[in-house]
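Right, one structure below, let's go through it.
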């Protein structure tokens, strides 16, 4: 896939490319499936994938009828696996609207008895489900069907009325109906006596604890641990972790097997092996089990009167499609269990607002279990596996974020070094020194074309081939300043075959019209190794069969002309270097002078920065000393060098006595090890949060006992980033701990404490062993707005705390999973630490707090539920967070309003452009044609301004100018037309005093930006000219010869106006000396920055009775001046 990429990256463009790739692959999947169905046993896997794979190039397959039929077949299949049965109910009447053919036998027949009408109820369309099960079972089903988050109640244990057989009922909703899968409870299995997610979570407690105990920083270790835990939990012969790469192909990155099985670790397989439709289903139904791929499927019969086809996407019984079943059989995998690993999409728009809770998700990979014999895993264990996969996904997400941070840090470091090289030896330092451009991104080679010379590094095409690529880019991608592709062949480069396998992928950025930087990559297959790829002697050629070895061979064939795809952050890094080089190339001749000026300016900034730093430091010290929360600090030796008024007040130890004492001598003996560990980690730069310890009291405070603190450690660093001490910001939780200690000492009646309205009693809620709410104290009612009677006997996970219709809505799915983990730990008797927790109260306010969970024991010491304690932030912190959220919301509202206005302006602008084009097709006079040309220039200027979404990039000088030929006459006429209405209203006369020889000169530059600048300065001049006054535009143009045919044009325009002139405050804003307080100030600053991009500037001169803007810019002459 080739991509001609604009110079600025965007998450939306990344998502749209993925979307387009997914649609293209879905069409390839559809054609493969159609070929498979037509070919039957003669299906040739390898050749079919290769033929279909050729579509994944420039000519992407279209979304046709074959694709639509295939997607319908995948989502609306009417077959299930025979290990259970299925009923579909009308949600309003609870009557059967569809059933599997084996349902009557499984649910209504009496074992070893001849069926008759009298001894069992009939099952068919319209049957009332309550007639099929015992009264308690029917009641349990009825309750579950009325539950909003019904998935959280699965599985529901029910018993058939006729046979008494136990089944797990697994319920989910689809449009207009409820689907119930019935799975028999095996004789050897101890059935779960109560529904609820917490019951299933208990089964994965050990695995979750192991995952959470892993140190971060190794994706390999995380995946190896996951497959090991799933292997032990489920008992399958093989467990693998798949990862999907950016081009959608898959790789086995972790594996564990029973002895004697062929290893698949390192296997790569084409994207088509797991179709896009299947990936979509994995996003919806995150655990998928196939008990026996050879088993005969069972048909589902539905009411013919139904106006829609039932979808079985969410059914646990959904039968595998024929091609997948054959693939499994070919690799001797009879049974499988698959868990989806769903993570946050990294290309999000950085939204951290609590009002926007849901992030875009993507399928990162799968955890796949295979067995060589039929294998059934009960639903409770599968539910536990799903929960484990969610916890695993959270850790994968953290590892991905950590990897990106490390990569970005390395790129920034390399960019800084390259920038330094450019400053010292522009531009050849980036290829002649170390590090060089190859160190910026992962590549096999790089090249630079500068002043018609070629410099090469690493594995690259020959010099003549590089020149040919540069010519091809200028011919076929001239509108793009950047280009990237993982296959030069697919991108259309004519001589791609001559490059061979050595160079397949390329990225390039154009610094100037003729100067280009290239990066090259070899084919992907060069980096791929798999132990299972070897063909064993005596084996028949299996290239035609669907098998991992065939998949690997096909994958290598597909990627032999492709490199690893270029990632978004790599393209961004190249673009940043492009901007650095663009400025460096302009300034090469005067580099020494610029370097001195920059160094002088940096020295000035350092002096100013130190003064500001001292002022800020003094203010921070004052805030720490007067803070209402305890704050203390120590040096690298652990000696106290900071002790604020609050902690002195709590401990009774004055500041003077605390200073110089070792911290470990001030804490209780029971907390020494914990504080020592926290201190050592902080001195290494690892900052722990929410650490609880006790500190001694002194003097008059000794009788009240030690103070309990929850502390966040923060490493103090010097200007060289060395750790020089540790600062501890604490919360006093003594009152809460006293309550909890007193609570734990009481055996039996706890209501006197929990239900006490004393403000010292924290918010407390609790659940029984099945996850139903059994406690909700007055403080909790006050905090959430929900009364005790409204929440009692509701499911804590889902009904009270959840992501959709819950009473207290959580921010996202990750928060929901983390809450489940904490409750699960306490329920299994493990000690839990305080964790950050947040939810939306009834009034919509977002509450942030710390959650502490304690197990509840009966007289025999068995866990009968949990108690949850919430610790709220101090009022000062809550106020600060509230102000921060308000500021973010205000900024977001303004941004939304601006986006709305820009979008609404475009529609009428398109109408104006259409009207103008229609007029151009009519008979017009010379003057009318000139007016239309002026109108067109104004419209183009407006469109360009509407595209300026990032003012900071303009202010910082990171804007690409669009160069083209133009005459100054066009610019002057268009600019003047924009201010004529204003000048006529004030009776101001505008005089164009620019010589005709100058205005008719053909120049080369960005005419629309020059037009924007001139119009802005004209408007400001008219605004500050008295009524009846005069504004005069004059200009000069000088040329310098840079070569035989190239002339540099220095243009200077003056705008002179009468009156007292532009206010000094507004001019200060133009020069960036004051904050941007007005629209005129922003306009002037942007205009000046645009002139600076044209190697120009603006001056403002005052004389008696008149003032003038002097605008300068450097352009190029398209041809020599006449005369």
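Indices start at 1 and increase along the chain as displayed.
Backbone N, Cα and C atoms are what each Cβ position is placed from, and that goes for glycine too.
Look at Swiss-Prot and you will find 323 tagged as phytochromobilin binding site. Secondary structure at residue 323 (phytochromobilin binding site), taken from DSSP and collapsed to helix, strand or coil, is helix. The Cβ of residue 323 (phytochromobilin binding site) has 18 other Cβ atoms within 10 Å, all protein chains considered.
Summarising the annotation, Swiss-Prot assigns compositional bias 'Low complexity' to 1-14.
The domain 'GAF' feature in Swiss-Prot is assigned to 267-449; the stated evidence is a curator's inference.
Marked as domain 'PAS 1' by Swiss-Prot on the basis of sequence analysis: 616-686.
What Swiss-Prot records for 689-745 is domain 'PAC'.
Mean pLDDT across the domain 'PAS 2' (749-823) comes to 83 in this model. As annotated by Swiss-Prot, domain 'PAS 2' applies to 749-823, with the evidence given as sequence analysis.
Residues or ranges marked as domain 'Histidine kinase' in Swiss-Prot: 900-1119.
Among the features that Swiss-Prot reports, region 'Disordered' is placed at 1-21.
Taking H, G and I as helix, E and B as strand and the rest as coil, DSSP gives the domain 'PAS 2' (749-823) the counts 26 helix, 16 strand, 33 coil. The DSSP breakdown of the domain 'PAS 1' (616-686), given as helix, strand and coil counts, is 40 helix, 12 strand, 19 coil.
Taken through DSSP, the domain 'PAC' (689-745) splits into 18 helix, 26 strand, 13 coil.
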